[in-house]
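Reading through the structure tokens given below for one structure.
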Amino acid sequence: RNIDGKAWTKVNPNCGSTSFVVPDLITGQEYFFRVRAENRFGVGPPAETIQRTTARDPIHPPDPPIKLRIGLVTKNTVSLTWKPPKNDGGAPVTHYNVECLRWDRTGEVKESWKQCNRRDVEETKFTVEDLVEGGEYEFRVKAVNIAGPSRPSATVGPLVVKDQTCPPSIELKEFMEVEEGTDVKIVAKIKGVPFPTLTWLKAPPKKPDDKSPVVYDQHVNKIVDENTCTLLIQQSRRNDTGLYTITAVNDFGTASKEMRLNVLGRPGPPVGPIKFESILADKMTISWLPPLDDGGSKITNYVIEKKEANRKTWVPVTNEPKECIFTVPKLMEGHEYVFRIMAQNKYGIGEPLDSEPETARNLFTVPGPCDKPTVSSITRDSMTVNWEEPEHDGGSPITGYWLERKETTGKRWTRVNRDPIKPMALGVSYKVTGLIEGSEYQFRVSAINAAGVGPPSMPSDPALARDPIAPPGPPVPKVTDWTKSSVDLEWTPPVKDGGSRVTGYIVEFKEEGKEEWERVEIRGTKFVVTGLKEGCFYKFRVRAVNAAGIGEPGEVTDIIEMKDRIVAPDINLDASVRDRIVVHAGGVIRIIAYVSGKPPPTVSWTRDEQALPEEAKIEETAISSSLVIRNCKRSHQGLYTLLAKNDGGERKKTIIVDVLDVPGPVGMPLLTENLTNDSCKLSWFAPEDDGGSPITNYIIEKRESDHRAWTPVTYTVTRQNATIQGLIQGKAYFFRIAAENIIGMGPFTETTKEILIRDPITVPDRPEDLEVKAVTKNSVTLTWNPPKYNGGSDITMYVLESRLIGKDKFHKVTKEKMLD
């Protein structure tokens, strides 16, 4: 029961031991407990606890404080800071005790640890006072809860107590950007002993050298604590933007740091006045200058509003302009308007700039007529029309042109362009497409300004829609061959045919030193010029011809001397032939080579720099030489060489020919080993000739000596030995082996002698446990046990040997067989 109640509450239905954990108690509540014993006759009287018990977790002293640090040191004080312990021991830390230990100059302890605080230290910092100047001290801290003090923290020191001095230093971020209306804290970390005097200065963003002291009021305030100086700006404004400088000064030096603050907000008003670039009866074009203050953010657009001068309500016009000019549409002629413009960035819309009142009215007339246009670049379906701007623009800049056309046989003018054609700096041109080939057209043009469309120009001269025709461009000729009296020419057609199909060519040639060209008219792109003089030099050129006439000539760059041409031999293998040929035995070796050269070269074939095999046949034509070997064999493989020679030199071509066949016979000797009464082991050498392809496996067959039929043993042996299983004890066998590659199986190699299958027999192990049993003056009695292994056969006898001490050689004692 709790101490406030009188009723007892049963905790458990039964308990067989003399201890029990009472659950579901209320933390902090005090309780009494009682226990009764029970047997089969009933429940006995209770035994009660005398003292009340409080329900709470066990409490113990806290862990030591952590991160003990030394702060300011003077000639008789030391400032300490620390962090609370990680574990408070189950109860809050109520206070801390600070202890110190003094050392003497010899490095020995002068005093024991003593408590430095006279009252409880509730914060995690403390200044130890009344220290001896020049004394050397260590410090530590203990945390205390209701269970008592903790173990001491890690010590700091030893430290000599004396005044510390150092020049000022400042840590300050270089840039800060905030939105207008935000509270700004510019925090500078200050170091220096003694603590320095601090001053804040401010300079405008565009005049960093124009610094002045910061004025402190309800908007701006300076807060200084132990090691920081904070400049607090409440509800920041755009004019708080600037370069802030803090200066720290003490007796040992000066330090300064700068920080640029950018307060972002709405932009200022645009710069006026608003100018009226053009005024019409239904629209006005206005312009302005960007605001001096963009709010610290890029201007995204401008908001334009309008109102009639005699009204108070502003009407939105647009918020789209990004440039400082806009044409306000849909005005009413004769009405007086006022406009206002506001800049906008991502932080909002700035203050407006208002214009002077202005009346919507026309100040000019339509433009005058243009001069008669001209036509150029005529094709079968298009023409380009050209014209100049009119002499009179009506007092307003020309904004575009309407272009019209008509066939000379018709009377109706049709507008060519859907949108006005924009004016150009030097005249205007426009390509008209969709014309009908063979039709004749005229064109006229009208200028447009803000007042409207002017009168049309005079019609252009008639122009016929057809492709222009010009002589073709030059062909590209070259000399492909020559002799002492002829030249072979060949050329490609001209890139440009002049707008008309090329109908033929004119080949021209002349002897060097002469002026007159001889010509021949042909239709193809090849021609052989004959009847030339041996030993003379000639020039050649070709012209193309179309309906417009003869085009420019294309000349052969070289001057050709009339003599027989010598061309060194050249050899090109047929597409079916490569530098390496692989043929199966029994197939056909066919090497086709095309040989060229002037004069025609002589051709010879060799194999491995020797004469060709007898089976080789040479087949020759005017342009080729072919080597053919039918039903080829392994012996036909090798390096085949074709040599071509003439007066211009010689040329070689080599082809490797591999002939693949089945392997040769496996190598002898064929070794055998008897292993058991049902198996034997065979060993052999790989064949000398693998058939040009790696051996893939060996095939083994067997037959009994009194049979003629061979029986396969295995087809998957890849090594040069195999153990043959499943043999019959006492039987004699012959074996044969053949190698196999991807082409097929080679010939068999047979064992020359029959192999009898039986257990192998070896000499027995030595007898064991040899002992001397009896000795007389002329005899010795010996006993022993048989060997553990009899060598695969029954023991037939024992041999007894002896030797005299000092002698090396044993002598046989018995001449008869001994079995026991």
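Quick reminder: no glycine exception, Cβ is built from N, Cα and C everywhere.
The domain 'Fibronectin type-III' annotation in TrEMBL covers 1-57 (among others). Confidence across the domain 'Fibronectin type-III' (1-57), taken as the mean pLDDT and rounded to a whole number, stands at 85.
Here TrEMBL flags 64-168 (among others) as domain 'Fibronectin type-III'.
Annotated domain 'Ig-like' per TrEMBL: 167-262 (among others), in sequence order.
Among the features that TrEMBL reports, domain 'Fibronectin type-III' is placed at 270-363 (among others).
Residues or ranges marked as domain 'Fibronectin type-III' by TrEMBL: 369-468 (among others).
Across the domain 'Fibronectin type-III' (471-565), DSSP classifies residues as 0 helix, 46 strand, 49 coil. Sequence annotations record features per position, and here TrEMBL assigns domain 'Fibronectin type-III' to 471-565 (among others).
Sequence annotations record features per position, and here TrEMBL assigns domain 'Ig-like' to 569-656 (among others).
Feature annotation from TrEMBL assigns domain 'Fibronectin type-III' to 662-760 (among others).
Among the features that TrEMBL reports, domain 'Fibronectin type-III' is placed at 766-820 (among others).
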For the domain 'Ig-like' (569-656), the DSSP helix/strand/coil residue counts are 3 helix, 54 strand, 31 coil
Secondary structure split (DSSP) over the domain 'Ig-like' (167-262) reads 3 helix, 59 strand, 34 coil
For the domain 'Fibronectin type-III' (369-468), the DSSP residue counts stand at 0 helix, 40 strand, 60 coil
